[in-house]
Each structure stands twice: as structure tokens, then as C-alpha cells.
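What Swiss-Prot annotates here:
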BINDING   30-33, Lys51, 87-91, Gly415, 479-481, Asp495  ATP binding site
Amino acid sequence: MTAKDVKFRDGARSQIVKGVNVLADAVKVTLGPKGRNVVIERSFGAPVITKDGVSVAKEIELKDRFENMGAQIVKQVASKTADVAGDGTTTATVLAQAIVQEGMKHVAAGMNPMDLKRGIDKAVGVVLEELRTLSRPISTHKEIAQVGAISANADDAIGKIIADAMEKVGKEGVITVEDGKSLDNELDVVEGMQFDRGYISPYFINDPEKQAAYLDDALILLHDKKISNIRDLLPILEAASKAGKPLLIVAEDVEAEALATLVVNAMRGILKVAAVKAPGFGDRRKAMLEDIAILTGATVISEETGKQLDKATLDDLGSAKRVEVRKDDTIIIDGAGDAARIDARVKSIRVQIDEATSDYDREKLQERVAKLAGGVAVIKVGAVTEVEMKEKKDRVDDALHATRAAVEEGIVPGGGVALLRARAALTDLKGANGDQDAGIRIVLRALEAPLRVIASNAGDEPSVVIAKVLEGSGNFGYNAATGEYGDLVEAGVVDPTKVTRTALQNAASIAGLVLTTDATVADAPKDERAEAAPSPELGY
């Protein structure tokens, strides 16, 4: 077993605090509209230039093992905040550093760390309630664009494209971010349900120019097994032909005689038809077939529902205004499903999302919700160089998460003002003893930290800015982008309540752990000279 190096009390805490400060000082330069860039070396290729706090945090590993513990603890604050709220990582890091630094002064003065933590937790609980009071809901295109712009380091173009995407696919729709092929940002929207399976045979194509099969006012047959015998399909084919409507067949596979007959019918123009494989595998395939069934008003023909293909009727088929089938994907637009059943299905999948343990499962379930509830929008990020593309994509991603958070829980005045205003709720708050009161005062002081850093990064004197903001009330604050004071909500300087709340919660949680740490254990450094010494038996 490797020998361990153990440090106790002040020796343990001081090394951890050094690590906290190194990481926080590197991250906090990115805070605010006038935040500075951080250049990160890469083993291969050009360095990365970023203003994204969590990207900076993830890169930091310190040589000293004990200091590195502190850095990794604060890195957890940034990562957890990013996971829950998608933004606010830099604010969380700044708050954590402020609480740790203030707390360490009191611990050094001989106060009880556990009582300090109780006071901190009590104060944070009150501040969170105050933030909910300050919060207001958002819904308009302009408000959504403002939140997106702020989170993308004051980039109005990014805010606008995110607001456009949300308007197109709804607040539940999937919005993905990809590399663009031009210099400008572009928005592509896929309406309806899209899944990644294309036509089984290219002979189903009815638009040679676009290499696709388009079926208008189509009937849709869903089957969870392979179809190889044409006799099983005949009743449905005859019914579709009599109804004079095109037919989309979604099955595990269509092969042999059945496929040949469908191809001949399509080529001769007897029946407009296209066949595609069902999306997904195993249980996920069954669930997705059921999603399509609910969206289109169909019944899945399967043993589980007691339905047989040769006994299927027109009542078992779904329908959609338009179906587009390409080589690799199929889009069902404007399905005829019952709205109440679609809503119930979405709610059911949301419950599964809350219970999902793996990120992969959660992501796939969210995609299913989006396909049922709205659609899919793709933001293609344009840039001149690859370095700029990476930096811009990080900002778009942050802005997207922040905007979703704002729609979910509302907004508060930005620029660190909401936290400053929330301090009013702590004025009369008392703990059970003097040490807990000190814990409350630690939070009171730490709530200034984000505004101090924003002002400092903008080249202004933090104490002067804070004094000026405290003279006003409500939404009155400091707009670092313009250097002016005024109503921040009017000026579009807002933060999602969820982001501010999560940042404070995580910062206080981790800072409390640092303050109550009394011992640290790390691998002892290896004695390289002893390892390099030659063996005397070898006769050197």
C-alpha cells in the first residue's frame, strides 16, 4: 500500500483554501459582460480561448496534492451547477470562494466550524426564499432573447436565435447545437416527429430530384414484427387503395415477397406506398412505436395488443397530413392523434425522466418528449476559425441551458443585484448563538462577491459600485456592459432564478464542507532518489 501524507486542522484547511483560490481566481476573470478570456493549452493543435467558467475549471489540476483537493472541490461546485441549471458556474465558484475566505477568518479566530456552518445554512435558506419572492415569470420572445444574450456573454445574436428556436419548437422541443458550415449562425427546424430510419428500398422514392418519398394525407400502419408474407398485408393494401390514400408501413422489417409486391405497386403507381424500419431496439423500439401510434391515432399491430396483421382494418391505421421519407430519416408531420392522449403520454415520459439514473436514458427520453410535444431545432454555429467555433459553441450551449432555466423558474435582476437585494432578508435573522450569527454574517458579506467581481472585470471600483446600487432599490443596478446604472430588467440584464438559486445552494454546500474539514489524506510524494539508486549487488 502507498504511504500516505496526513495533515490536520489549520494545516489541512490552509492547503485546501490555497487550491480553492487558484481555481476560483482563474475562473472568476470570465464573469460578466466585460469578462476576460482564458487561454487553455491543448496537447495537440491550437490552444482554446474561452470565457466559459466551467471549461476553465475542468482544465485545472494542481501539482500539490492537498491544494489540488481544494481545486477539485470547487470544480464540483461548477460542474454540479452546470448539470442542474446549465449556467451560473462562475457565479457559484465566486460565491464558494467568498464563503470559504470569510469563513476561514472566523475559524482562525477560534469559532466553532459546525456552528458557522449551521448559521450559513440558515442564512442561505432565507436568501433562497427571498429570491423566489424577487423572481418573475418570462414568456415573451424579447425576454427569452435577453436571457440568452446575457448568458452568452452579451451576444444579442445568440439570444435571438435561441428565442427563435424556442418559438418554433415550443418550450419542450429539442434544441441541439452543431458546427455550422458558414460564417453566420443558422437555425434549422424539423417540425413533427423525426426518427432515424429511412426507406427500405430506393424504389419507394417518388421525388427523384430530392431523393425522397413524399406522402400527403397518408395512412400509417405500425407493426412490431417482420413482414415477409404479402397475404398478411393484402387486406390493408386493398383498403388503402379503395380509400385513395398513400400508405406508410413502419415495421421491424419488410422483406422477400412482401417488399417485392410493395415496390411493384409503388413503381406502377397503383398505390403510393413507402416502408421503413421501426426506430430503436428492444424495449425502446416498442416505446417509440407506441409514441408514433399516439401521435397519429394508430394502433400498434402486435401480439401484446392481440392484433394480427391479416385481420387489421382501416380503424387500426393512423394518419398524418404529410410524411417525408429520405435515405436515413423519416418525418411524420401533423399526426391525427388525440391531444389529450399525447399530453398524457408526455407526462408519463416526464416521470420516467425524473426516475432515470443514466444520462443516456434521460437524453433519449427527453428526445421522445420533444418529438411528441413540439419538434427539433438545430442551431448551426458559424465562425471564421475552429478556435472561435469551439468558444462560440460553449457560449451557445450555456445560453440555451440558462434560457430553459428561465422559462422554468422565472428571472431575477442580473449583474449580481438579486443576491445583493436578497441580503435585506438577513437583517433581522439571528442564530442560536454568536458563532451561528457569524455564519449569517459570512453569507451577508459573500452575497456582494459576484457584483464585486463583475465591476472589477469591467474596470470599475467594486466598493463604489456596490454603494451606488445599495442607494437604489428593486431592479436598480449596475449594467457592466454600458457602465451605467438603471433598471436592469428594462435593460435586459436578467438572470434565471434557477441559475442564481442553484449557484448559491451548491456554493454554500461545498464551502461548508471545507470549513468543517479537520484532516486531509493524500499519497505521500515518492522519493525519486531512493528509486533511482542502483542495487549494490550489481557491482556498479
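One is the number of the first residue shown, and numbering goes on along the chain from there.
For all residues, glycine too, the Cβ spot is worked out from N, Cα and C.
Swiss-Prot feature annotations superimposed on the structure.
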residue: Thr30; record: ATP binding site; DSSP class: coil
residue: Lys51; record: ATP binding site; DSSP class: coil
residue: Gly88; record: ATP binding site; DSSP class: coil
residue: Gly415; record: ATP binding site; DSSP class: coil
residue: Ala480; record: ATP binding site; DSSP class: coil
residue: Asp495; record: ATP binding site; DSSP class: strand
Using a 10 Å radius around its CB, how many other CB atoms surround Lys51 (ATP binding site)?
22
Could you list the residues of the same chain, at least six apart in sequence, whose Cβ is under 8 A from the Cβ of Gly415 (ATP binding site)?
Gly32, Leu451, Ile454, Gly477, Tyr478, Asn479, Ala480, Leu488, Val493, Asp495
Counting every protein chain present, what is the number of Cβ atoms, excluding its own, within 10 Å of the Cβ of Asp495 (ATP binding site)?
31
What are the sequence-distant neighbours of Thr30 (ATP binding site), meaning same chain, six or more residues apart, C-beta distance under 8 angstroms?
Arg36, Asn37, Val38, Thr50, Lys51, Asp52, Gly53, Val56, Thr90
Would you mind listing, in sequence order, the residues at least six apart from Gly88 (ATP binding site) in the same chain with a Cβ closer than 8 Å to its Cβ?
Thr81, Ala82, Ala402, Asp495, Pro496, Val499, Thr500, Thr502, Ala503
Using a 10 Å radius around its CB, how many other CB atoms surround Gly32 (ATP binding site)?
28
What is the total of other Cβ atoms whose distance to the Cβ of Ala480 (ATP binding site) is within 10 Å?
26
If you count Cβ atoms within 10 Å of the Cβ of Thr90 (ATP binding site), leaving out that atom itself, what do you get?
29
